[in-house]
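What follows is a set of notes on a single structure, which appears directly below.
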Amino acid sequence: MRRINTIERPFCVLPDARRAQEVLASKLSATRLAAGFGRRIVIRDVDLAIEPGCLTVLLGPNGSGKSTLLSTLARLLPPRQGSVLLDGADISRRPTLEVARKLGLLPQQPPVPEGLTVAELVGRGRFPHQGFLRHWSRRDEAAVDEAMALTGISHLATTDVEALSGGQRQRVWISMVLAQKTPLLLLDEPTTFLDIANQVAILTLLRRLVRHHGRTIVCVLHDLNMALQYADRFVFVKDGVIKHTVADPKQCTGAIIEEVFDTSAIMVPHPQTGLPVFLPRYPDAQGAPA
Amino acid sequence: MTPVQGAGGGAHKASLTLALGFVAVLFGLHVLQGPRNVPLETFPALLFDRSPASFDQFVILHLRLPRILAVVMAGACLGAAGFLLQTAMRNRLGEPHILGLNAGASLAVVVLTAFPLIPLPVAAKPFAASLGAFLLFGAVLALSAGGRDRFSPVRVIFFGIALSAMANALVSAILILDEDTLEQLRFWLLGDSAGVQMSAIAAAAPTVVIGLVGAALVMPRLAALSLGDNLARGLGASVKRTRLIALLMAALLSGSAVSLIGPIGFVGLVAPALWPRLHNKPSVAALLLVTLSGAGLLLAADSLAAGILAPRELPTGALTGLVGAPVFIWLVLRTLR
């Protein structure tokens with residue numbers, strides 16, 4: 001099989017000052033939200049307003065309820081209490097197709113369906129825009145082409161998705177939600193299991209979508225340091241409740257990290273950007289791994 | 001520019017033409033087949049002259065044509081029902097016979113024949129059979145909905161086989177106690193196309209049409225469903241509603257097929273399996289392809305059943321079982337590793 005270079009863009013940090021001309025309007029918020037599976041309540045008392053035109057990350061230890069919160073915001077899980085509001089209206093009462101034109105969702109590690117080409121899979125993102133008979137229109141075609149160009153996979157259009165590497169597959173999935181053309185994007189761990197080059201490429205893309213295409217993005221990330229380099233707003237979740245909401249990476253202190261992750265960390269600024277990077281703190285220099 | 005997709009009509013053109021040609025050839029051969037040698041000159045005359053003067057014409061119009069039409073309809077229904085079940089349940093082993101729809105439909109027909117509470121019009125038979133199929137498969141789904149591996153292929157198949165056995169035991173019990181019904185339904189229960197009346201075909205037409213049109217309309221939703229429940233919901237396709245519509249249509253189609261020529265196994269399994277790259281691409285063109293394939297397969301099976309031991313005839317269902325069971329075993333070995 002042909003090896004395809006996945007790194008189309010070099011590492012770059014976009015200047016913060018440039019904002020998109022217009023932020024696509026769509027507001028997502030949660031009030032007094034509680035949700036869970038079966039009898040277990042996973043998240044509770046969540047009050048959250050997603051800032052339009054920003055890249056917001058949900059951070060927290062394993063099992064803290066970040067993914068559950070994202071699923072509830074995306075109407076996959078019905079709330080036990082409270083509600084999720086999309087543009088002021090309860091998301092669970094709005095027609096699901098109408099919601100799908102405003103809010104796109106990429107779950108964690110979706111199974112790759114056999115026998116689909118990249119273009120076919122990306123085209124599935126057009127479902128909520130097609131009419132009753134679902135005719136494939138020129139607008140659908142343009143949306144798919146644009147989505148593939150944005151993630152740098154246009155040259156793979158006729159390749160089978162199964163034949164792609166993990167990093168390329170993730171770009172295909174992101175293209176699919178981009179083809180959905182929604183102002184809001186909710187992504188569950190879009191960089192997990194990817195190597196550093198692919199993580200950088202995906203996070204750079206998400207930032208570009210926020211800065212230059214007016215999208216509002218919420219994603220769950222596991223890599224705290226990566227999140228701090230790319231995101232605008234940080235929501236720290238622990239034991240199912242929101243502990244901190246921070247609007248600037250530089251306000252993320254060691255104290256917050258210690259409280260949320262129950263681990264001691266040293267903050268060092270990134271040599272180029274000054275943004276914080278957290279490293280493990282050892283009890284004494286001898287305690288450090290050899 | 002990206003290649004054709006979405007509606008996908010263009011992509012399947014060659015396969016559709018092939019399948020249509022195959023069905024047409026089998027149709028032609030089947031019309032010519034039979035104990036009585038009908039000369040070819042009779043056929044052009046049929047188009048212009050409808051007087052039942054000649055016995056050849058009677059054979060063609062009243063014996064062979066109804067039989068072939070019933071086989072084409074039933075095969076098309078089974079192919080479409082199999083495709084619906086396989087895509088809605090994401091289970092390549094889904095099939096009306098294995099999942100219990102055929103057994104439910106048979107039980108409904110046998111019960112109504114043995115205990116006619118009200119004189120049942122012929123036109124109601126396909127609906128009754130569809131209702132039986134729906135109820136039995138509903139029970140299969142209710143049983144396999146629990147647990148972490150909800151609707152896993154193995155669970156659904158297991159409960160399908162178990163409830164089919166139960167329904168078939170009830171059918172046997174009723175028939176042993178009621179010889180009249182046994183006489184009426186003996187051949188039909190094995191899947192038999194000989195002696196189908198035009199009235200039965202007309203009666204099944206509404207359910208066949210509703211089933212096929214409904215199936216075509218639910219195809220785009222099934223395409224969204226093939227990405228998994230969560231992505232389907234994210235795209236705005238309600239998972240429950242999509243499954244319910246697909247299963248209702250599958251029940252209507254299985255019920256129609258059973259009411260026409262009895263419970264026929266494996267056509268619903270083999271017709272979609274002929275096109276292995278179609279499973280994650282439900283579209284109207286894909287549905288048309290499996291529908292034509294089902295019709296072609298059952299026509300071929302019926303031709304063989306009638307001709308292999310001529311002048312004696314085998315029931316069509318026995319033949320599809322002989323050919324289909326090995327395909328099922330092969331698919332199980334490949335799918336459930």
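A Cβ is built for glycine as well, from the same backbone N, Cα and C atoms used for every other residue.
Annotation source TrEMBL lists transmembrane segment at B:12-32 (among others). Cβ atoms under 8 Å from those of the transmembrane segment (B:12-32) belong to residues 38, 40, 43, 60, 64-65, 68, 71-72, 275, 283, 285-286, 288-289, 292-293, 295-296, 299-300, 302-303 of the same chain, restricted to positions at least 6 beyond its ends.
Residues of the same chain lying 6 or more positions beyond the ends of the transmembrane segment (B:68-86) and with a Cβ under 8 Å from any Cβ of it are 23, 27, 30-31, 92-96, 99, 101, 193, 196, 200-201, 204, 208, 211-212, 215, 218, 222, 246-247, 249-250, 253-254, 256-257, 260-261, 264, 267-269, 271-272, 278-279, 282, 286-287, 290-299, 302, 316. Under the heading transmembrane segment, TrEMBL lists B:68-86 (among others).
Outside the transmembrane segment (B:98-118) by six or more residues, the chain places 81, 85, 125, 128-137, 139-140, 156-157, 159-161, 163-164, 167-168, 170-171, 174-175, 178, 181, 184-185, 189, 250-251, 254-255, 257-259, 262-265, 269, 328 with a CB less than 8 A from a CB of the stretch. The transmembrane segment feature in TrEMBL is assigned to B:98-118 (among others).
Feature annotation from TrEMBL assigns transmembrane segment to B:124-144 (among others). Beyond its flanks by at least six residues, the transmembrane segment (B:124-144) meets 96, 99-109, 112, 150-152, 155-156, 158-160, 163-164, 167, 200, 203-204, 206-208, 247-248, 250-252, 254-256, 258-260 of its own chain at Cβ-Cβ distances under 8 Å.
Annotation source TrEMBL lists transmembrane segment at B:156-177 (among others). Nonlocal intrachain contacts for the transmembrane segment (B:156-177), taken as residues 6+ away from its ends with a CB within less than 8 angstroms of a stretch CB, comprise 89, 91, 93-94, 97-100, 102-104, 106-107, 110-111, 114, 136-137, 139-141, 143-144, 185, 189.
Positions annotated as transmembrane segment by TrEMBL: B:197-223 (among others).
Residues or ranges marked as transmembrane segment by TrEMBL: B:244-271 (among others).
The feature transmembrane segment is assigned by TrEMBL to B:283-301 (among others).
Feature annotation from TrEMBL assigns transmembrane segment to B:313-333 (among others).
Sequence-distant contacts of the transmembrane segment (B:313-333) (same chain, at least 6 residues past either end, Cβ-Cβ under 8 Å): 71, 92-93, 95, 98, 187, 190-194, 261-267, 269-270, 273, 297-298, 301-302, 304-306.
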